[in-house]
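K.L.:
Dumping the structure here so I can ask a few things about it.
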Amino acid sequence: VPYLEFRAATKLDGLYLFLDYTASCLELALEGERLCKSGDFKGGTAFFEAAVQVGTEDLKTLSAIYSQLGNAYFYLKEYGKALEYHKHDLTLARTIGDRIGEGKASGNLGNTLKVLGRFDEAVVCCQRHLDISQEQGDKVGEARALYNIGNVFHAKGKQQLWGCTQEPGDLPPDVRDTLQRATGFYEMNLCLVKELGDRAAQGRAYGNLGNTHYLLGNFVEAIKFHRQRLSIAKEFGDKAAERRAYSNLGNALIFLGQFNTATEYYRKTLQLSRQLRDQVMEAQACYSLGNTYTLLQQYERAIDYHLKHLYIAQELTDRVGEGRACWSLGNAYVSLGNHKQALHYARKHLDISKEIGDRNGELTARMNVEQLMESLGVNESDLSPSSSEFEMQGSSLSFLFQKLGRDPSDEDCFFDLLSKFQSSRMDDQRCHLDEPQNGDNGEGGANSTASLNEMIDPAITTSPQTEELFDLIASSQSRRLDDQRVNVGNLPGLRITHNNLGHLVGEGDHQEPSDDFFNMLIKCQSSRIDDQRCSPPETGPHAPTVPDEDFFSLIQRVQAKRMDEQRVQLPTDDQDSPQPPDPEPPGGFSS
């Protein structure tokens, strides 16, 4: 039995202590699995890599190591290594004829490709997982595959929304079609996990259905699903899911004009974020509360929450978030007629926008500074560049409202201001890579073969290249080791012995393809959506303390028809509801 003189890492008070001992591949792998389950993926990958170094002749053990290494690297956001090990797993599974293993490896590849934005390739892999699960009668695998395909279309739809200026629900046909496909797969997923009695998976399905209906502009439907998600989260005591549900409910309520109710749920979002000691989510809740109180014209309370957001953004060195907070504070002080403080924050917004290269933010801030200086009757020389206070003289006219010729209390005037002074939608166009949570596996719904074929682009599912794609993946590692054509030459950790040699004999002389796995995938799928996909706009630095869908951008998108035209009175519900779309954990991984 192969062993390794290994320096085992034991974590104590944040430090790794190393102990010398001799360990087998299986022992190292079991310790890696234990560490990953505890959330220590870095330590877990060290043990798994050591297990690969020792090697094993047990093909099932090696497959499990590849799978878990791929998942661990995914959680560490090392997607290249994640692809490498899931590719190894797929190669080994196909070589030994393990259909269930092939399906799981295909699903894991699909999840990783999705995060990298390779949606067409991801659909091919996830569909392969679904086909094999149905073929093998694996209902749990089928549910997971349905969920994962829904996730791919969901992520693709969000990417297609980049740059769209339509109000919610008024979507281009291709975007609507993509999101409706996502909804269809989530519905099938929900049906199947209900049949399986998996309440946790039902909660995830409800959450994602709420998110897709939100993006489609079906806000009442979104609220219905998020309330069901909230109920299951409470049932399991899942505080993180409860926080997401409150956040998503509040966001949908904003679009229905239910501002007061939305603030209740944002406050619950804030409370749970603090309980979870999640500063990023705490800052986002403060940001959304500040903007909601601005909509309610309660400017003092808005300022209080924007200051809290600003403090956390500074603490987390989120310069984009700082700029957003300063911009919001400037607007709130203008509404109160305190142009001196408004100018202070407008200047800070301008400085930060220059620093981070936010051209749209810089233009907005520069315009605000110039107009505030004009209204206050001051020049640049009157201002201290370093002090938070400055000497100035001038009127306290509400120049912004005067320019529109309206009273500051006019609600329509407020929306015109939003449109005028927030012309950019940087955060609304920002792509967010969903981060999976440890232990959250995607589960899925009911399936009909006919409906599945309708929902997936036939060019993907019926392409004669699809089978070839997987054959290429399976053979891309291989150099023939001997005259028996064993397609496992580059599988790390595989110790070939007389016990496993019979399982490794290839069935044919495959022509060696390109070494670059990604290039093969792209080449096979190149005629798909790439022809239709536009390049995303420049988004600038990431702003963790600002919601992915900027609150003010949301309001701007409904400004054309005004809130009053879309208000509906929702029936009261004893379940509470709250902030911008907060995604459920992405697709489930198989080990």
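Cβ coordinates come from backbone N, Cα and C, glycine included.
Copied straight from TrEMBL:
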type	residues	note
COMPBIAS	578-591	compositional bias 'Pro residues'
REGION	427-450	region 'Disordered'
REGION	529-549	region 'Disordered'
REGION	561-591	region 'Disordered'
REPEAT	63-96	repeat 'TPR'
REPEAT	243-276	repeat 'TPR'
K.L.:
Within the repeat 'TPR' (63-96), count helix residues (DSSP H, G, I), strand residues (E, B) and coil residues, in that order.
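P.N.:
For the repeat 'TPR' (63-96), the helix, strand and coil counts are 31 helix, 0 strand, 3 coil.
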K.L.:
On the DSSP side of things, how many residues of the repeat 'TPR' (243-276) fall into helix, strand and coil, could you say?
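P.N.:
Result for the repeat 'TPR' (243-276), in helix, strand, coil order: 30 helix, 0 strand, 4 coil.
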K.L.:
On the 0 to 100 pLDDT scale, where does the repeat 'TPR' (63-96) sit on average?
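P.N.:
Across the residues of the repeat 'TPR' (63-96) the model's pLDDT averages 93 on the 0 to 100 scale.
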